[in-house]
Every structure is written in C-alpha cells, then in structure tokens.
Amino acid sequence: MGLFNISLLLTCLMVLAIFHSCEAQNSPQDYLAVHNDARAQVGVGPMSWDANLASRAQNYANSRAGDCNLIHSGAGENLAKGGGDFTGRAAVQLWVSERPDYNYATNQCVGGKMCGHYTQVVWRNSVRLGCGRARCNNGWWFISCNYDPVGNWVGERPY
C-alpha cells in the first residue's frame, strides 16, 4: 500500500510539473518580456500589461477556438496559432523572428516576406499590451495580443 501511495504522489507531481512548465510560458510577464526585449534592441521603451486589452484578446481567442483561423478582429493585434505546447512566449518569438525581413531604410518587408507582426511588436507609440490564449477544437492553440494605441500605420516607421 505504501508503494502505491508513493507512485500516485510521484505521478501527481509530474502532472503538476508539466502543467506548471506549460503555464509558466503564458503569464503576462512572459508576453511582456519578449516584447520589451525586442523593443529595447531598437531603442523603443517598454510596454506595460493592460488587463482590459488582455480580456478583449482572451475573448477573441475564445471565439476563434471553433475553427482556429487567423482572422483579424479589427483591433490592433497580432495573431498566431500552433500545435503541441505552443505558448504565448513562443508566439511572440515567432513575430519577433520577422525582424530580418524588415528593412528600416525603406520601411518595407524584404523580398515580399511578412514583417508586420514584428513592426507591431516594436511600434513606438504602442505602450500597452494584453494577450489571450485558447485551445482550439483541433487541439492547437490560438494566441492573440492587442496593442494600444494601435500601430502599424502604412507609410509610418515603427520607431
């Protein structure tokens, strides 16, 4: 009986550790840290967390859970989706990975590549951030981050 209890306890601890490691990548600080690191690299000030934006982002992520399609809501936002343990941190890193595809001198994406997620991350006038994450019906994760003030205005440089 004692061995069974120890096995059960170890199993519970492993499940909690896995859950914690997954959730540990989705806190407001996780979203902010990657945003603010990217912003600091180009001399842009840090963002702060906004609970109202986070609530809107979470509501929108929840509404997309049925199909997991990356359809914009019309708010100033970045969207991402991924399988497995796709985290908020991973989503922001994905957006920041577009940096080499942005040419500051021409204020354009290089070679027709996508770079608008990156420019929103570093948009100098966007100073508040709120993000949400929802599990889609297909098992993937849908992540939405909202920015205020809205950025990514055509023809304007992000910083």
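Backbone N, Cα and C define each Cβ position, glycine as well.
What Swiss-Prot records for this protein:
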DISULFID  C68-C136  disulfide bond
DISULFID  C109-C115  disulfide bond
DISULFID  C131-C145  disulfide bond
DOMAIN    32-147  domain 'SCP'
MOD_RES   Q25  pyrrolidone carboxylic acid
SIGNAL    1-24  signal peptide
>> Just to confirm: which same-chain residues, 6+ apart in sequence, have a Cβ under 8 Å from the Cβ of C109 (disulfide bond)?
In response: E98, D101, Y102, N103, C115, G116
> Closest of the disulfide-bonded residues to the residue listed as 'pyrrolidone carboxylic acid', Cα to Cα, picking from C68, C131, C136, C145?
Replying inline: C131
> Using DSSP, how many residues of the domain 'SCP' (32-147) fall into helix, strand and coil, respectively?
Replying inline: 44 helix, 27 strand, 45 coil
> How many whole Å apart are the CA atoms of C145 (disulfide bond) and C68 (disulfide bond)?
Replying inline: 15
> In angstrom units, rounded to an integer, how far apart are the Cα atoms of C68 (disulfide bond) and C131 (disulfide bond)?
Replying inline: 16
> Including all protein chains displayed, how many Cβ atoms other than that of C115 (disulfide bond) lie within 10 Å of its Cβ?
Replying inline: 18
